[in-house]
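Undergrad: Checked TrEMBL, it gives:
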TRANSMEM  9-30  transmembrane segment
DOMAIN    65-275  domain 'ABC transmembrane type-1'
TRANSMEM  71-92  transmembrane segment
TRANSMEM  104-127  transmembrane segment
TRANSMEM  133-156  transmembrane segment
TRANSMEM  213-234  transmembrane segment
TRANSMEM  254-279  transmembrane segment
Amino acid sequence: MSERLLGRWSLFASTLVVACLVAVIGFVVIKGGPTLSLALLFGDAEPWAAMLGNTPVWEGVWPACVGTLKAVLLALALALVPGIATGLYLVLTPHSRFSQALAFVVDLLAGIPSVLMGLFGFTLIVFLKQHLFASAGSSLLLSSTCLAMLVLPYLAMATRMALMAQPSSLEVTALSLGMTPWQALWHVRLPEARMGIVAGVILALGRAAEDTAVIMLTGAVASAGLAGGLFERFQALPFTIFYYGAQYQSEFELQMAFGAALILLILTASLSTLVVALVGGYQQRVLSPNQGQEEA
């Protein structure tokens, strides 16, 4: 295959991917855009009172927005450090038997369907209820823990790939300057791999935000109000979309499903943008003193 033909096929494939993405987003915007309003979020409740938790919301998706945000952030908090640490270990000890076994487990975990993770969480509830805690039940903490297990391999693989893609001369140069391997990793290699790790965080964020099977089996319900604690059931946008989309009794409920889908899209995009902005701000703070010293 000639280089020109390969370039054309690559351009065609890239254009097709972008076109599909634009088509899906456009469809959701067209269907859900007209429903965006305070009534969609809060129903008949007063907005400020609902946001402060003083008034319950039973006809809007505000509790689902808050529940989704809590579940996603808690899942990322649980998975971020173990996921990145796993990726670092796989890079630093690539030839050990344990590292090879761990890499196999990470790859296997990445391919597990979310419904199996949900069944694991549900089985865990039953076990705890029968043998340890009679009051154990589905909750926000259990859902976030299962989501964290679901997205952890994405963080590990993103960290591993970002570090493995670096030229070997980067580490050699750092070691030649007197750094230890861990110092080279912390001060040179990790900052250089930050955008690859951020890509993994964004992928994990989107995976946790859109999953329905896990939360449906471990904690999400159709009507629960604002989750006040980690051990309470909660509402989530993916389950709300599924509930209204699969069991709608009127055109209004179907439009609510599209509106909730658009809100979920906006929420995920906002969180992803926030992650990129935080990393960019950190990069500027780190580079600014060095630039000032060079100018001086």
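Cβ from N, Cα, C; glycine included.
Model, not experiment: these values are computed from the prediction.
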Undergrad: Residues sitting near the transmembrane segment (9-30): Cβ under 8 Å, six or more positions beyond its termini, same chain?
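TA: Hits for the transmembrane segment (9-30): 258, 261-262, 265.
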Undergrad: Could you tell me what the rest of the chain brings near the transmembrane segment (71-92), counting residues at least six beyond its ends with Cβ under 8 Å?
TA: 99, 102-103, 106, 140-141, 143-145, 147-160, 162-164, 181, 185, 197, 200-201, 204-205, 208-209, 215, 219, 230, 234, 236, 271
